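According to TrEMBL, the region 'Disordered' annotation covers 275-297. What TrEMBL records for 6-39, 46-65, 77-95, 102-122, 145-178, 185-206, 212-233 is transmembrane segment.
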Amino acid sequence: MNPVFYLLAVIAGIITGGLTSMIGASGVMIIVPVLTMLFHVGAHTAIGTSLFVDVIASAVVSYTYFRNGNVELKSGIWIAVSSIAGAQLGSLLASQIQEGSLSALFGVILVLSGIMMFIKAYRKKQDDQEQQNRKIRFAKGWQQIVSSIVIGVGIGIISGMFGAGGGGMILLTLIAVLSYPMHKAIGTSTLIMAMTAFSSTIGYAYRGNLNLPLGCVLSVGAVIGGVIGGRYANKVNEKTLQKVVYSKYGGDIDGEGVAISYYNQSPIRQRWSSLGTKAGRKNEDAVFGSRNNKRSS
């Protein structure tokens with residue numbers, strides 16, 4: 001791989017690790033759009049690679065939060081374990097969907113998630129929101145376990161299909177349903193994301209949709225960004241972190257969702273696809289390794 005692409009991959013990894021540590025975001029928000037739209041990597045391979053990076057980044061970040069007492073192990077483990085089954089189902093479903101349709105559907109999911117983030121970020125009556133969250137608390141331990149299992153399965157399916165380690169959805173669920181404070185929500189969501197992404201990565205790797213060398217290069221940057229960002233995030237005021245999380249998720253998710261959905265349905269995509277069989281595919285093989293050659297051998 002060209003040294004320039006090594007550098008770009010490390011930078012993308014640093015940004016990914018920083019976002020994971022600050023807002024509990026999956027690397028899918030950075031890695032999948034970059035690989036599919038700029039470097040013409042197939043959607044399935046881009047998703048599989050982003051999941052691999054998620055495992056590394058979220059594990060490092062969750063450990064940093066754990067050292068600061070901002071991880072709820074009990075609920076986190078229940079959600080994570082149940083999400084594994086859902087992640088395998090999600091990766092199986094994704095393998096049956098055409099790449100263009102998968103990317104377009106992914107964009108729609110991002111747009112809807114962003115709208116939810118904006119609504120939550122700019123609610124005027126914060127007290128009413130807190131009261132509503134308290135009503136959803138479960139009186140008995142077994143109710144919280146059952147709810148954690150149901151939540152985990154749903155998160156796992158989405159993680160497996162779209163390459164998101166589930167960070168955004170997990171974070172929203174922990175805040176809105178289980179009433180976690182922001183720091184603990186991020187710390188716990190990254191723990192869950194590490195386990196969910198690991199399960200999904202296995203599914204994608206088994207089907208040949210993982211570029212391991214590229215994933216390792218991206219992960220180097222993810223570790224750097226995760227360590228630095230994690231230390232800083234644990235010192236930030238709770239309210240400040242809330243604004244950063246909601247605004248960043250909402251704006252970035254909506255923007256990327258619209259871009260990806262439009263790109264995969266536009267004449268530009270068709271033009272690049274025709275080039276992809278020649279120069280585009282040749283460039284992908286030179287930079288990222290030839291997946292097609294691997295399959296034909």
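The backbone N, Cα and C atoms fix where each Cβ goes, glycine too.
Note: TrEMBL annotation is automatic and uncurated.
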Taking contact to mean three or more C-beta pairs under 8 angstroms, with sequence separation of 6 or more, is the transmembrane segment (6-39) in contact with the transmembrane segment (77-95)? no
Going along the chain, which residues at least six beyond the ends of the transmembrane segment (46-65) come within the CB cut-off of under 8 Å? 13, 16-17, 20-21, 26-28, 31-32, 35-36, 71, 94, 102, 159, 162-165, 167, 183, 186-188, 190-191, 193-194, 197-198, 200-201, 204-205, 209-212, 214-215, 218-219, 222-223, 225-227, 229-231, 233-234
